[in-house]
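Engineer: Can you keep this structure in mind? I'll have questions shortly.
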Amino acid sequence: MRVHQIQMVLAVLALSGAVQVQGGVQEVHNVYELSGQIAHKARFSTDVAEDKYTPPEEMDPQFWYDLANEEINKRLALPKLDTKMAKNVIMFLGDGMPLTTVTAARILKGQRQGKTGEESSLSFEKFPHTGLSRTYCSNAQVPDSACTATAYLCGVKTNIINIGVSAAVNFNNCTASQDPANRLTSIAEWAQNAGKATGIVTTTTLTHASPSGAYAKTANRMWECDTDVTNYGVDASSCIDMATQLVTQTPGKNFDIMFGGGMGKFLPKTIQDSHGKAGERSDGVNLLSKWQSQHKGGVLVSNRKQLLSVNVSAVGNIIGLFQSQLMKFHIDADETYQPTLSELTEVTIKKLSQNENGYFAFIEGGLIDYGNHYTQAGYALDEALEFEKAIQLARDITDIEDTLIVVTADHGHAVSIAGYPGRGTDILGINRHDTDINGVQYSVLNYAAGPNQYLDENGQRIPLDGILGDVDSIAPSYIPKDQGVHSGEDVGIWASGPQSYLFTGVMQQSTIPHLMAYASCIGNGQKFCDKTA
């Protein structure tokens, strides 16, 4: 920007009280910027700035008094469940779902319904109890999905990239990962030991980091099959890959339900899977044949039609592998071929509910993370909305008196909503009420790091009209990088059902499985049943 332009902008800011020329702390709140009029002022336009939209009903103070009373009455009418045990526990995990993504998904939900959006709510936001989870891992300020899965499923924080082993294990150290002193058990195993049914559901692969926290013990989250182990310079004959652990070891071999992608990790390279691609294993082992031989009444399904045709009362264990690798984004998927997360959730609950002792289910919306990594916020938000639909379904078809539902995220992503956009601004679009110092409007959603900074040959930001707004648009980022990165802030926890009041305040992520175990009277730690015995 030329010197005289900067001087003129500073003059405008000074008129609004946004800049002090004296020493000390300077005022930063600019009323023209907050009202949206700076977008015109900075360009030195004589046009009258358009006021931000206010819904007419919100102009009446009584609207807010009535809303407050409504929310108070909802809380007063909540069932008092702190004296009940949780027979069943369902843990929903939104992978890579920071509070910013929750807020943006809420807005998108409302805007899809023709509303301004900000006033909408996601299903789990209506749960009565809310807390925060501290996501750092033993050697990482900002974590990955492996060390976090170990925390929220095994109850122990560990090093980044580790799954199911303690922080005494370093990256890629197979020997240390096999030391019994370093190996952990998960809440899924605690539930099985108590005679409960168990299941894992994901939209990634069954051997991905998050679901693997329920069964795997590994020094490298990438050891999904034997070929992967070899590729990281480790002897696959002595270090058991995660797919093999799932099929042959406890607790994986005892899961009643396993739904996700990643069929290739279970089949040799010489076999074509149900989706037309070659398997990935080098050892020649067909783990799906092995699984079926171990579960005589077990059923393997690989598409939506097969899934929905299963009579859960007439079969034993069920494994569903709906893509060769990761499942597809909901937006891109063939809805007649790939089941939705809600459909996977419904079949899971119906099957697990047959166990009179109750059940534990882990259900992951795993592709929220991928949308944020791609800095394609539209994908991330749509996946979050599919996630919240599954949670609503689960709450609708279970009994709040005996089923505890806990919703959380493993880690955040470096995405922000910023710049004072007015009510109803397209959450995937451009902030029409503010500009940068050069007078260029900018995106509502922005990532700290990512592949596209939208700069011209002089390094100046370009206008984004015609670029943003579509669900697959790549949002702007500040730091040039091939993909978006995780963030280290706390993530939300939402809980409903017996003992859900425990999930309030700020807690270590590793406390979450211990609270679920307490509520359902499983594991070797404190139990609600001990208190009431």
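Glycine residues also receive a Cβ, built from the backbone N, Cα and C atoms like all the rest.
No curator has checked TrEMBL annotations; they are predicted automatically.
The annotation signal peptide is assigned in TrEMBL to 1-23. Under the heading Zn(2+) binding site, TrEMBL lists D95, D369, H373, D410, H411, H486. Look at TrEMBL and you will find D95, H208, S210, E364 tagged as Mg(2+) binding site. Annotation comment: TrEMBL describes S145 as active site, phosphoserine intermediate.
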Engineer: Check the Cα-Cα distances from S145 (active site, phosphoserine intermediate) to the binding-site residues H208, E364, D410 and tell me which is shortest.
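Structural biologist: Sorting the binding-site residues by distance from S145 (active site, phosphoserine intermediate), the top entry is D410.
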Engineer: Which ones in the same chain are close to H373 (Zn(2+) binding site), with CB under 8 Å and 6+ residues apart in sequence?
Structural biologist: G96, H413, Q483, G484
Engineer: Do you know offhand how many angstrom separate E364 (Mg(2+) binding site) and D95 (Zn(2+) binding site) by C-alpha?
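Structural biologist: Just about 7 Å between their Cα atoms.
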Engineer: In Å, rounded, how far does the Cα of H208 (Mg(2+) binding site) sit from the Cα of D95 (Zn(2+) binding site)?
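Structural biologist: Their Cα atoms are separated by 11 Å.
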Engineer: Within 10 Å of the Cβ of the residue listed as 'active site, phosphoserine intermediate', how many other Cβ atoms are there?
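Structural biologist: That number is 27.
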Engineer: Just going by other Cβ atoms within 10 Å, which of the binding-site residues H208, H411, H486 has the emptiest spot?
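Structural biologist: Relative to the other binding-site residues in H208, H411, H486, H486 has the fewest Cβ atoms within 10 Å.
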Engineer: Using C-alpha atoms only, work out the spacing between H486 (Zn(2+) binding site) and S210 (Mg(2+) binding site) and round it to an integer in Å.
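Structural biologist: Just about 15 Å between their Cα atoms.
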Engineer: Whole-number Å distance between the CA of H411 (Zn(2+) binding site) and the CA of S210 (Mg(2+) binding site)?
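Structural biologist: Between the alpha carbons of H411 (Zn(2+) binding site) and S210 (Mg(2+) binding site) there are 11 Å.
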Engineer: Whose Cβ lies within 8 Å of the mean position of the Cβ atoms of D95, H208, S210, E364, the Mg(2+) site, other than those residues?
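Structural biologist: These residues sit around the Mg(2+) site: L93, S145, A149, T202, T203, T204, A209, P211, G365, G366, D369, D410.
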Engineer: Between the Cα atoms of D410 (Zn(2+) binding site) and S210 (Mg(2+) binding site), find the distance and write it as a whole number of Å.
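Structural biologist: Rounded to the nearest whole number, the Cα-Cα distance is 8 Å.
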Engineer: What Cα-Cα separation, expressed in whole Å, is found between D369 (Zn(2+) binding site) and S210 (Mg(2+) binding site)?
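Structural biologist: Spelling it out, the Cα of D369 (Zn(2+) binding site) and the Cα of S210 (Mg(2+) binding site) are 11 Å apart.
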Engineer: Write down the Cα-Cα distance for D95 (Zn(2+) binding site) and S210 (Mg(2+) binding site), rounded and given in Å.
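Structural biologist: D95 (Zn(2+) binding site) has its Cα 8 Å from the Cα of S210 (Mg(2+) binding site).
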Engineer: Hey, what's the Cβ neighbour count for S210 (Mg(2+) binding site) at 10 Å?
Structural biologist: 28
